[in-house]
Amino acid sequence: MASALTVLRRLYLSIYNWLVFIGWFQVLFLALKALKESGHEHVYNAVEKPLLLAQSAAVMEILHGLIGLVRSPVSSTLPQIGSRLYLTWGILWSFPEIRTHILVTSLVISWAITEIIRYSFFGMKEAFGFAPSWHLWLSRYSTFLVLYPTGISSEVGLIYFALPYIKASEKYCFRMPNKWNFSFDYFYAAILALGIYVPGSPHLYHYMLGQRKRALSKSKKE
Amino acid sequence: MKVTLVSRSGREFIKGGLELNDSATVADLQEAIHKRTKKFYPSRQRLTLPVPSGSRERPVILNYKKSLKDYCDGNENTLTIVFKDLGPQVSYRTLFFFEYLGPLILYPVFYYFPVYKYFGYEEKRVIHPVQTYALYYWCFHYFKRIMETFFIHRFSHATSPLSNVFRNCAYYWTFGSYIAYYVNHPLYTPVSDLQMKIGFGFGIVCQLANFYCHIILKNLRSPDGSGGYQIPRGFLFNIVTCANYTTEIYQWLGFNIATQTVAGYVFLVVATSIMTNWALAKHRRLKKMEGRSTPEDGLFFLHSCRTDR
C-alpha cells in the first residue's frame with residue numbers, strides 16, 4: 001500500500017510543479033513581449049493573471065511541508081512565500097499607481113527565471129525520479145547569485161516607492177478608538193517590512209551561499 | 001595528571017595539554033585554562049567528556065566542583081577533555097537587570113510625556129483612572145522583578161551568553177513600548193470599573209503568590225548557589241511543578257483584564273508559550289531526576305522553573 005501512496009504523491013507533485021512552471025513561463029514570456037512591444041509601464045497588466053495565480057499557488061507548498069509531503073522545512077518556506085505574497089497582493093495588486101514603475105519589470109523577470117528553474121527542477125525530480133544533469137543543477141544554485149540581489153532590490157524599491165500611495169489611501173488601516181484598544185497602520189507596517197529586509201536579506205543570501213557550497217562540494221565527491 | 005584538551009573537531013586545543021595535581025578539581029582545570037589562554041574565563045568554557053564518534057548520547061558536562069579523578073575511567077594519569085567556547089558571558093543578574101529596566105523606564109514615558117504628538121495626535125486631555133493604576137501596576141511589577149533579581153533569586157553557577165542581552169532586551173523593551181503605547185493612548189477606551197477592579201485585584205493576588213513562590217525556590221538553594229535541582233514543595237508547588245510561572249502568567253492576565261488591549265494579550269500569549277516551554281523542560285528534567293513524585297500536569301499552566309530561579 002505504501003508504494004501506491006508514493007506513486008500518488010509523485011504524480012500529484014509532478015502535476016503541481018509542472019503546472020506552476022507553466023504559469024511562471026507565461027509570466028516571463030508575456031513580460032518580455034510587453035516590454036518589447038509597449039514598454040515597461042505595461043508589463044504588469046500583461047502578466048497580472050498568471051502572476052497572481054502562480055504566486056498564490058505557492059501557498060500549497062506550505063501545506064505540503066506541514067503534512068510532510070515534501071521535506072522542506074516550513075520555517076524557511078514561510079518567510080519566502082510571505083514576502084512574495086506581500087509584494088504581489090499587498091503592494092502591486094492593492095496600489096495600482098505603482099504598477100507602471102520600472103522595478104516591476106525587474107521584479108517579475110527575476111522571480112520568473114528563479115521559479116522556472118526551481119519548478120522544472122522539482123518537476124523533473126518527481127516525474128523522472130532523478131536530479132537533472134549537473135548543468136541544470138548548477139544553474140539552480142548559481143543564478144540566485146544575480147537573481148536574489150535583483151529580486152530583493154526590486155521588492156525593497158517597490159515597497160519604498162509605494163509608500164506615498166499607501167499613506168494617502170488609508171487602505172487596510174484599523175483605527176482607534178475601539179473597545180479592544182487596537183490599531184493597525186498599513187503604512188507603518190510597510191516601513192517595518194522594509195526594516196526586516198535589512199537584516200533578513202543578507203541572512204537569506206548567506207544561507208543560500210551555504211546551501212550552494214554544500215551542494216557543489218557534494219557533487220564534486222560523486 | 002596530564003589533561004589533554006581538544007576542540008570538538010578533534011584538534012588539540014592547548015598544545016601539549018595541561019599538567020595538574022592528581023587531586024585537582026574541575027574548577028582548578030578551568031583556572032589553568034584561563035591562565036593559559038587569557039581570553040577564556042571559566043564561565044566561557046564548556047568542558048565535556050569525549051563522546052565516541054557516531055554515538056548520539058549527550059556529552060557529560062564536567063561539574064566544576066568535582067575532582068578530575070572522578071572523570072578518569074581507568075587511566076588515573078591522563079584525561080582527555082573536549083573544550084567549547086561559549087562566547088562572552090554575562091551574569092544572570094546583569095541580564096535580568098537590563099531586561100527589566102527597559103519596561104520600567106519606557107512605560108512611564110508614554111504616560112508622562114507628550115509622545116503622541118509625534119504620532120499626529122493633539123496633546124492628551126483626559127487620563128482615565130485605569131491608565132494611572134495600570135502605570136502603578138506595571139512599574140511595581142518590574143520594580144519587584146529587579147528587587148527579586150538582586151535580593152531573592154539565588155542563581156546557580158550559570159551565566160548567559162552576551163548575545164542574549166540584546167535578544168532579551170529587544171523582547172522586553174519592544175513589547176513594553178508596544179503595550180505602553182496603547183494603554184496610554186489619547187483614544188484609549190477603558191473597560192467597566194468592575195472589570196478593572198477584578199483585573200487588578202486578581203493580578204495583585206497573583207503577584208503576591210508569585211513572590212511567595214520565589215521565596216520557596218530561593219530556599220532550595222544555599223547562598224553559594226548549590227542545590228536547587230530539587231522538586232519545590234508546599235503552597236502551589238503541590239499542584240504544579242512551576243507555580244512561579246503559573247502565577248506570573250495569571251498576573252499578566254489580570255493586567256489585561258483590567259486594561260484590555262490587543263497588544264497586552266499578544267504579549268500574554270507569547271510570554272505564556274515561552275514559559276510553557278521552559279516549564280515542560282524542567283518538569284521532564286525533575287521527573288527524570290527524582291522519579292514519579294512530581295505533580296502531574298492537571299491544571300492549566302503547570303510549569304517547570306528555570307535553573308536560575
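Residue numbering: from 1, along the chain as shown.
Just so it is clear, glycine is given a Cβ too, placed from its N, Cα and C backbone atoms.
What TrEMBL lists as transmembrane segment is B:94-114 (among others).
The transmembrane segment feature in TrEMBL is assigned to B:126-143 (among others).
Residues annotated as domain '3-oxo-5-alpha-steroid 4-dehydrogenase C-terminal' in TrEMBL: B:159-289.
Annotation source TrEMBL lists transmembrane segment at B:198-217 (among others). Residues 133, 137, 140-141, 144, 148, 152-153, 191, 232-237, 243-244, 247-248, 250-259, 305, 309 of the same chain lie 6 or more positions beyond the ends of the transmembrane segment (B:198-217) yet place their CB under 8 Å from a CB of it.
The transmembrane segment annotation in TrEMBL covers B:262-280 (among others).
Helix, strand and coil counts under DSSP for the domain '3-oxo-5-alpha-steroid 4-dehydrogenase C-terminal' (B:159-289) come to 96 helix, 5 strand, 30 coil. Taking Cβ pairs closer than 8 Å, the transmembrane segment (B:126-143) reaches residues 100-101, 103-104, 107-108, 111, 180, 183-184, 186, 188, 190-191, 196, 200, 203-204, 207, 251, 255, 258-259 in its own chain, all 6 or more past its ends.
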